Structures are given as C-alpha cells and as structure tokens.
C-alpha cells in the first residue's frame with residue numbers, strides 16, 4: 001500500500017487490482 005497505481009477508487013473499485021493494487025484513502029496502491 002505504498003506505491004500509487006495512478007487510479008482512484010471513489011466510485012468504482014480498482015481495476016488495477018488485477019496487478020495487485022488495492023483501495024486506500026480513495027486511491028489505488030500496491031505493495
């Protein structure tokens with residue numbers, strides 16, 4: 001949860017979750 005994936009998750013889930021990103025504070029992060 002430290003590397004921003006350049007995607008927000010305010011209205012929809014992280015599409016980048018397929019590469020390991022998850023929602024945190026309305027922004028998608030990985031690791």
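Backbone N, Cα and C define each Cβ position, glycine as well.
Owing to the predicted nature of the structure, the values given are computational and were not obtained by experimental measurement.
In the three-state DSSP classification, residue 21 (disulfide bond) falls within a strand. A simple way to gauge crowding: the CB of residue 21 (disulfide bond) has 23 other CB atoms within 10 angstroms, across all the protein chains here. According to Swiss-Prot, the disulfide bond annotation covers 5-21 (among others), on the basis of sequence analysis.
In sequence order, 9, 13, 14 make up the list of same-chain residues 6 or more apart from residue 23 (disulfide bond) whose Cβ falls under 8 Å from its Cβ. Sequence annotations record features per position, and here Swiss-Prot assigns disulfide bond to 9-23 (among others) based on sequence analysis.
What Swiss-Prot records for 14-28 (among others) is disulfide bond.
Here the disulfide-bonded residues are 5, 9, 14, 28, and the one with the most other Cβ atoms within 10 Å of its Cβ is 28.
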